[in-house]
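*Asks:* Starting off with a structure, shown below.
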Amino acid sequence: MASNFKKANMASSSQRKRMSPKPELTEEQKQEIREAFDLFDADGTGTIDVKELKVAMRALGFEPKKEEIKKMISEIDKEGTGKMNFGDFLTVMTQKMSEKDTKEEILKAFKLFDDDETGKISFKNLKRVAKELGENLTDEELQEMIDEADRDGDGEVSEQEFLRIMKKTSLY
């Protein structure tokens, strides 16, 4: 099934992913991250308290969940110092910003499928896109793709289901 999604995916995005394995930030993004870090490094020691990670991320427009923060802290603060330097913070934020870009790209792709704007990808939507891309997929193969992504069994693929299958198949 995943191979069917790979076949129908636009090659440019998967090729782009292979060419740039490490996410790159613009100078402006790096500056924003530096400013958020400096805001919480009030004493100028070059470190911030890991407890402030959530607030610093919020300052950059992210809404991290408690579990997500705990995981990040355990990955960064291996010695258990309770402190994080700018390099660690930059690494975390580079990852978060690239994930945000990825999600936005996936949602743009979703909208290309969902041309009737129902908020779902139907069999008809998928068949149209496959035809536009010149993919010769049988109705059975197309239905398999829907079935693989469709978690709630309504016969269509929602935005969340589409995000999940695209990330699961590592197409983005």
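Cβ atoms here come from the backbone N, Cα and C positions, even for glycine.
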*Asks:* Of 2-25, 98-121, 122-145, which span is tagged region 'Required for self-assembly' by Swiss-Prot?
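*Replies:* Going through 2-25, 98-121, 122-145 one by one, Swiss-Prot gives region 'Required for self-assembly' for 2-25.
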*Asks:* What's the number of neighbouring CB atoms sitting within 10 A of the CB on T26 (phosphothreonine)?
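*Replies:* Total other Cβ atoms inside 10 Å, all chains included: 9.
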